[in-house]
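Shown next, in structure tokens, is the structure this report addresses.
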Amino acid sequence: AFAGILADADITAALAACKAEGTFKHGEFFTKIGLKGKSAADIKKVFGIIDQDKSDFVEEDELKLFLQNFSAGARALTDAETATFLKAGDSDGDGKIGVDEFTAMIKG
């Protein structure tokens with residue numbers, strides 16, 4: 001799904017780094033998978049994959065399963081990890097993350 005945008009080796013390393021519950025940190029993950037240095041267009045493509053229901057927003061249930069976008073066998077995020085991730089990205093407080101919020105969160 002991420003072919004041409006992200007390297008498989010980077011995805012594997014990033015997933016390995018947050019395999020244990022409670023170890024997912026979105027900033028570190030975005031850096032490890034090589035997303036931080038990508039163009040806005042590439043980030044938008046990644047957002048489109050994560051936005052499973054194509055609502056133009058990533059909601060809490062999609063964030064919980066965030067890692068599974070990168071590998072079907074990856075774990076779900078814990079409720080605490082999901083809440084932290086949502087809070088970090090949801091700058092307007094509407095309970096979901098839009099593409100501009102997602103881009104801002106990655107670019108940090």
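Glycine too: its Cβ is placed from the backbone N, Cα and C atoms.
Copied from Swiss-Prot, the annotated features are:
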- D51, D53, S55, F57, E59, E62: Ca(2+) 1 binding site (BINDING)
- D90, D92, D94, K96, E101: Ca(2+) 2 binding site (BINDING)
- 38-73: domain 'EF-hand 1' (DOMAIN)
- 77-108: domain 'EF-hand 2' (DOMAIN)
- A1: N-acetylalanine (MOD_RES)
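If you measure from the Cα atom of F57 (Ca(2+) 1 binding site) to that of D92 (Ca(2+) 2 binding site), you get 13 Å. Highest Cβ count within 10 Å among the binding-site residues E59, D90: D90. Each residue contributes its Cα atom, and for A1 (N-acetylalanine) and E101 (Ca(2+) 2 binding site) those atoms are 22 Å apart. Within 10 Å of the Cβ of D94 (Ca(2+) 2 binding site) there are 10 other Cβ atoms, across all protein chains. When the alpha carbons of K96 (Ca(2+) 2 binding site) and E62 (Ca(2+) 1 binding site) are compared, the span between them is 10 angstrom. Fewest other C-beta atoms within 10 angstroms, among the binding-site residues D92, E101, are seen around D92.
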